[in-house]
Each structure stands twice: as structure tokens, then as C-alpha cells.
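Undergrad: Below is one structure. I have some questions about it.
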Amino acid sequence: MVLRDLPDKKLSFNRAIKYGDLVIVYEKHDAMKAVKVSEDGVLQNRFGAFKHSDWIGKSFGSKVFGHKGGFVYLLAPTPELWTLVLSHRTQILYIADISFVIMYLEIVPGCLVLESGTGSGSLTTSLARAVAPTGHVFTFDFHEQRAASASASVGLCNFGHNFHHWSSENSLSVI
């Protein structure tokens with residue numbers, strides 16, 4: 001079976017970073033953070049100040065230098081990295097468990113997945129990538145605020161095209 005390639009529906013690690021992108025900033029092995037690139041944005045950390053405008057046009061994976069001479073790496077928001085940096089609104093599944101679930105359930109591109117309990121969106125983001133480009137993830141969470149935060153997170157990671165969320169307070173909506 002050959003799946004259609006939908007280039008506008010996937011994150012290309014080769015494309016240039018632009019305003020509005022979510023970037024995982026790798027500072028060191030135990031310090032990463034998710035940053036949404038904005039025109040006037042500046043990331044300040046122990047390695048210096050990094051203007052978002054300096055990131056525009058660079059590829060994911062680029063090493064950028066701050067004004068103090070320190071550096072960080074700008075990484076694409078893969079589900080694996082997202083799991084490591086997301087805000088833990090609930091208990092989350094980590095990479096090893098997520099991999100087992102996807103393999104054991106034989107979740108592949110084109111599958112339809114129903115998830116109960118969106119939580120922080122760690123598993124949801126990985127499921128959305130696993131079923132892409134033609135499959136869909138439908139997820140439910142009774143806690144409206146957590147559900148809205150997880151929906152926004154999945155959209156920022158560029159997996160919103162095959163992600164559908166509903167809660168006890170709304171009907172099914174496509175993100």
C-alpha cells in the first residue's frame with residue numbers, strides 16, 4: 001500500500017524556521033524548553049540572550065550563538081521531544097511506554113484511533129504522528145481546561161490536521 005504524501009500537512013525538518021513556529025530549544029542534556037518564535041521574542045538563559053529574529057531562516061537542528069558567546073540548538077518539535085518539555089497537567093506516558101502502545105496496537109498510517117483521557121497530550125501527539133498523513137486521532141477529556149491546553153499543544157506541534165477533540169462540554173470539533 002502506498003500512502004499519499006501530503007507535504008503541507010507534515011513538519012519538514014529541512015524547512016527554514018519562521019515566525020509562529022514551535023521550536024524545542026536544547027540548552028544541555030537535561031535542559032530543553034519549547035519556544036514559540038515571535039518577532040520581538042528573546043530567550044534569555046544562562047548561555048546568553050537569543051533573539052528569535054536571529055532564528056528566522058535557519059533549519060531545524062541549527063546551532064545558534066547568543067550575545068555572550070553561548071549557544072543552543074533549535075530542534076523540531078517531534079513527539080519525543082514534546083513529551084520531554086510539555087507542561088505536566090496530568091501523569092504522562094513517556095517514550096518507551098508510548099512506543100510499546102503504538103507497536104502493540106499496530107497503529108500505522110491510516111488508522112483511526114479513539115483515545116479516552118487526553119491529559120497533557122503526550123500520547124496524543126505521538127498517536128497523531130503515527131496515523132499521519134491519512135489517519136485520525138479522536139480524543140476525549142472531561143476536564144475542559146486540560147483538553148483545551150492539549151489541543152493547542154498538538155496544533156503547535158503541527159499535528160492538528162488529523163487530530164479531533166471533544167469534551168463533555170462541547171461537541172466534536174476538528175482542530
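Cβ atoms here come from the backbone N, Cα and C positions, even for glycine.
Quick caveat, the model's predicted, so the values are computed rather than measured.
Reproduced below are the annotations present in TrEMBL:
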- S120, G121, S122, L123, D141: S-adenosyl-L-methionine binding site (BINDING)
Undergrad: Should L123 (S-adenosyl-L-methionine binding site) be counted as helix, strand, or coil on the basis of DSSP?
TA: helix
Undergrad: For each of the binding-site residues (S120, S122), count the other CB atoms lying within 10 A of its CB, then report the residue with the highest count.
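TA: Result for the most crowded candidate: S122.
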Undergrad: Is it possible to get the count of other C-beta atoms within 10 angstroms of the C-beta of G121 (S-adenosyl-L-methionine binding site)?
TA: 33
Undergrad: So, three-state DSSP: helix, strand or coil for D141 (S-adenosyl-L-methionine binding site)?
TA: strand
Undergrad: Restricting to the chain of L123 (S-adenosyl-L-methionine binding site) and a gap of 6 or more, list residues whose Cβ falls under 8 Å of its Cβ, or answer none.
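TA: Non-local contacts for L123 (S-adenosyl-L-methionine binding site): I92, L93, I98, V101, E115.
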Undergrad: With every protein chain in view, how many other Cβ atoms are within 10 Å of the Cβ of D141 (S-adenosyl-L-methionine binding site)?
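TA: Taking all protein chains shown, D141 (S-adenosyl-L-methionine binding site) has 25 Cβ neighbours within 10 Å.
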